[in-house]
Amino acid sequence: MGLASTVSLALLGLCSLARAQTSAADAYVSAESPIAQAGILANIGPSGSKSHGAASGVIIASPSTSNPDYLYTWTRDAALVSRALVDEFIEGESSLQSVIDSYVSSQQKLQRVDNPSGSYTSGGLGEPKFNIDLTAFTGAWGRPQRDGPALRAITLITYGNHLLSSGNTSYVTDTIWPVVKADLDYVVSYWNQTGFDLWEEVSSSSFFTTAEQHTALRLGATFATAVGASASTYLTQADNVLCFLQSYWNSNGGYATANTGGGRSGIDANTVLTSIHTFDIEAGCDSVTFQPCSDRALSNLKVYVDSFRGLYSINPTGATDPILTGRYKEDVYYNGNPWYLTTFAVAEQLYDALNTWDKLGSLDVTSTSLAFFKQFDSSITAGTYASSTSEYATLTSAIRNWADGFLEVLADFTPADGGLTEQIDKSSGNPTSAADLTWSYASAITAFKARGGAIPASWGAAGLTVPATCSTGGGGGSGGDTVAVTLNVQATTVYGENIYVTGSVNQLANWSPDNAIALNADNYPTWSVTVNLPANTQIEYKYIRKNNGQVTWESDPNRSITTSASGSFTQNDTWR
């Protein structure tokens, strides 16, 4: 029996079905909130009860050391978890300030740890994970991952802006700004280069990464001005990134394509997480920035949820029932299960949308979002519905109940002690994969807060327009059309050794071994990477090995390819 069922069993017999559903969600929020909060704090060093050995301020992904081993700190996870804590601090949880300050200090140190992705000034900020004692993890991994610096910048700027409003300028300018500036400069330099996605599996351009990079640059420009620094570069590149962000939209399918590579459908929780983590209520239902109530984000949400119908035997079977969702339907990791954090994200997007409609006093139904709204009113047509209309009341009430339904199905599969793992077994319903996943706890907190009407700080999304002319210039891009080139190389390696590629164009780091592009070893001994390269261009390149700081180049001569005018192709090589 799930946690909420245990808590609210007596209540359910006293209420109508609709009220019982709400009571179940209420009970789950009430019971799980303190458990999730404690779960986060237990996973933060040095004094967290489940984070023994972690340095001060280090947020571990999970205390699990086997099947899987997640006893590391990921820049992405830590930034998202810290953002949840920062939002709570801003809302009045003053006891969290020391925890947040410790996180800031840990990131100061972590940025300067040399690692397989590079150093502080040569790409090392894109390293995805570190040991919990703030030393480099040197094993094979999907690196670099370029969302981490952007997410960390967003978290620290949000914290810094609040401190500035309270008059604490010296800490912001002396401590927070240098960390933020390094991350923003990394984004400027690398936003138009490929990297691994948030699931650490696909090396390409990623919707989530691009959106977070845009948010970081936009927020960073304002923050730079506030501390007396130059903002022009951040603003210029923010416009370019916003332009690139539009390219992910699949108008035929009605969803945002999660990755430009990977060979999957592109329907992915990546996109739902994008919507909630770039939420800015001041932007209303703007589709350019993929706001939660925008027609594109709502269409995308329906396509994403529907992709899991019939996939997991533990799920309800109704055509519009709230269900458990996973990362993407083709997932095979741990046999491909639903995840807590992805299902919480669905509910959170819906609550964010409801909060925005309440603020606006109306909602719009467009041809893009019509299929989403027809789930709740089959007779609804495109148009604007004021909050005074019966249609508005019908739709928003049904959508709130639907959002609560996702919490209720999560409650059914939350153990009685409230502990949240990474995944839920798709057949048995038992918790599986990493125990006490910090990101799972944070996703519960942010969904619950959104349900209660919490609104995160604005980041400047209101009123943005896509530039008439888009550029990939600045930060390693060369502009013009590109084609996706997959490079495969057969290479046997020793433990700790990784394969990279560099070459004669910016996208291949201009022959820089420090900034060379990492290949992944998912199909070892074949190492692979997909890179967007200039079209109709002759390009020279070589593979290199890196091991304990030592670089070994392939033998001469340089390899050479001539890219096509459009499309994509694969180049198969063997190390020499």
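The backbone N, Cα and C atoms fix where each Cβ goes, glycine too.
Of the listed cysteines (Cys15, Cys243), only Cys243 is recorded by Swiss-Prot as the disulfide partner of Cys470. Just one residue in Asn510, Asn572 has N-linked glycosylation site written against it in Swiss-Prot, and it is Asn572. Reviewing Cys15, Cys285, the cysteine that Swiss-Prot connects to Cys293 via a disulfide bond turns out to be Cys285.
Taking DSSP states H, G and I as helix and E and B as strand, the region 'Disordered' (552-576) has 0 helix, 13 strand, 12 coil. Around Asn572 (N-linked glycosylation site), a 10 Å sphere centred on its CB holds 11 further CB atoms from the protein chains shown. Remote same-chain residues near the region 'Disordered' (552-576) are listed as 481, 483-492, 499, 503-504, 513, 530, 533-546 (criterion: CB distance under 8 Å, separation of at least six residues from the stretch ends). Once Cβ contacts within 10 Å are tallied over all protein chains shown, the active-site residues Asp197, Glu200 are led by Asp197. For the pair formed by Asn558 (N-linked glycosylation site) and Glu200 (active site, proton donor), distance between Cα atoms is given as 30 Å, rounded to the nearest Å.
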